[in-house]
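Now, the feature entries from TrEMBL:
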- 41-289: domain 'G-protein coupled receptors family 1 profile' (DOMAIN)
- 26-48: transmembrane segment (TRANSMEM)
- 60-82: transmembrane segment (TRANSMEM)
- 102-120: transmembrane segment (TRANSMEM)
- 140-162: transmembrane segment (TRANSMEM)
- 196-218: transmembrane segment (TRANSMEM)
- 239-260: transmembrane segment (TRANSMEM)
- 272-291: transmembrane segment (TRANSMEM)
Amino acid sequence: MILGNLSGVNEFRLLGFSEISHLQPLLFVVVLSLYILTLMANTVIASIVHSDNTLHTPMYFFLTQLSCLDICYLSVIIPTILENLMVGTVSISKTRCAMQMFFFLFFGVAECFLLAAMSLDRYFAICYPLHYTIIMNSRVCRSLVAGTYICGTAVGLVHTLITFSSALCGSAIDHFFCEIQPFLDLLCGNTLPSEIQVIVVAVFAILSPFLLIIYSYIRIISTILQMASAESQQKAFSTCSSHLLVVTLFYGTAGSMYLRPKYSYCASVDKFLSLSYSVVTPLLNPVIYSLRNKEVKGALRKKWRKI
């Protein structure tokens, strides 16, 4: 690391996977394959929902938005990861680094709140079935999605502006993209205010929607257990299980990354966690929703017969 105030630095070095350079060719093939599969899977989900009238419901509207977010979210960082795996240490301009951090936060935070909106949809569908179509009308659905993008924009702008306006005492980022935690190692002097900022934002962007999801599912499970027939209970659980599994994967990895102090950071562990929630989870989302959802599988079979 270069010592001294480097606030005028215009370029950073992403060290990537330099500690396991012998595995980089294999990782390149794996990451590229996952990226292509994710693009294909999410595109198929979005196109199926768009083309099948039976899937034009709030739940599948949100699912389409989730697929679009996953594609954008992944596309922000995958090119840099692949470049890093091909050439080793990558040089990235300050502007590109700031844009990457902003869009990564924007899409990531938007997905957090979108998952919360999806839990609200399931809550109203199961707890208030007679009023569901009135409550979750198209205007409400669009407003909820707009709100997720507004939250993502606000968090991305504030976080990026504060981070890149701080004095820097280094230019080497021990990560494969411009992630927040590794970037804190470049800040001069006392980094506690920046660490508190990260945790506060994480509480707002990760913990608050997660608590809303937990509350929704407590009410959902309570309502399901009061249903008279086992068949009704099974049907209600099946509509929620896919979303709950996605929530567990996404919030579990993201929360373990951001809701902890800087002294507990470990570069190798953090890179693994970043790969989990930024590369693997976007691929698992469409797989979980398609394999565990009879309506999506039925729509896929109909589309396949037409082809």
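Just so you know, glycine gets a Cβ as well, placed from its N, Cα and C.
Sequence-remote contacts of a segment are chain residues at least 6 beyond its ends whose Cβ falls under 8 Å from one of its Cβ atoms, and for the transmembrane segment (196-218) they are 108-109, 112-113, 115-116, 119-120, 122-123, 151, 155, 158-159, 162, 180-181, 184, 240, 244, 247, 251, 254-255, 258-259, 261. Counting only same-chain residues 6+ beyond the ends of the transmembrane segment (60-82), those with a CB under 8 A from a CB of the stretch are 14, 16, 28, 31-32, 35, 38-39, 42-43, 45-46, 49-50, 90, 92, 100, 103-104, 107-108, 110-111, 114-115, 117-118, 121, 141, 144-145, 148, 176-177, 278-279, 281-282, 285-286, 289, 295.
Outside the transmembrane segment (239-260) by six or more residues, the chain places 59, 108, 111-112, 115, 118-119, 122, 125-126, 180-181, 198-199, 202-203, 206-207, 210, 213, 217, 220, 270, 273-274, 276-277, 281, 284-285, 288-289, 292-293 with a CB less than 8 A from a CB of the stretch. A mean pLDDT of 84 is what the model gives for the domain 'G-protein coupled receptors family 1 profile' (41-289).
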